[in-house]
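Per TrEMBL, the features are as follows:
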- 99-159: domain '3-dehydroquinate synthase N-terminal' (DOMAIN)
- 161-254: domain '3-dehydroquinate synthase C-terminal' (DOMAIN)
Amino acid sequence: MTDSNLAATVHHSGGSYPVVAGWGILDDLGERLVDVGVRGAAYIITDENVMNPYGRRVQRSLQEAGIPAHCFIIPAGESSKSFELAQAIYHWLAERRAERGHTIISVPTSMAAMVDASIGGKVAINLPMAKNLVGAFYQPKGVFADAAALSTLGKRELAEGWAEAIKHGFILDAELVDVFEEHAEALMDVDPEISAEVIRRSMAIKAEVVSQDERETLGIRILLNYGHTIGHALESSTEYGRFLHGEGVSVGMMGQPAWLPRWA
Ligand code: GLY
């Protein structure tokens, strides 16, 4: 499939994968997954807010493309990033007889997930002492984001999500910050063309950084943690219940000079 929605390709030690964003691409997901080599069963893991509007469509699209797809629904929110829930997911997968060659699918429907969390393979759970304290680098087969999913978000969720995209501008692309200033209203109204374009541009920055420093050992990927030292402290000290992630990062960026990033 030729893809005008391709934002970037991530290159990593084990190969490469496409990063794609467009408007309304969710219904093509099955075909796109076949294109990146997905075979056998797939397991969609998503939260209760995302399942009904998007999870079922993803399941249908996969099944139409010949991929048997099963769904596991988790509670929405940061508190689901726990040992207990990870264990419940492993049990469910074992009961389903999931195999190494099968595929797990999670659906990025927030801005932060689209431009940041879905790209680069960081997977982790939280401990009470700190966010993302136990995890791994595990690169996906592809990242596919449907910008139309943003149109069901409230203004607070939208604003927090744009924080991660603006962060990419602050650290590596000053012109992207100008684009945000110029199109602030259209972005908050989730204008289809501008939103998808800005998401692709922001994704491309993340993809480039990850391609250069996959495991955050070269002092490049750590740039992406701009604002996160204070942001994570705010989130964990309030038990992940008060600040949305992007809100913490926004406060963190105000309190931390851009030339002094810390850890995520
Ligand atoms: N969210 C920061 C990173 O992926 O490195």
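Glycine is treated like the rest: Cβ placed from N, Cα and C.
TrEMBL does not curate its annotations; it predicts them automatically.
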Secondary structure tally of the domain '3-dehydroquinate synthase C-terminal' (161-254) (DSSP, helix then strand then coil):
72 helix, 0 strand, 22 coil
Over the domain '3-dehydroquinate synthase C-terminal' (161-254), work out the mean pLDDT and round it to an integer.
93
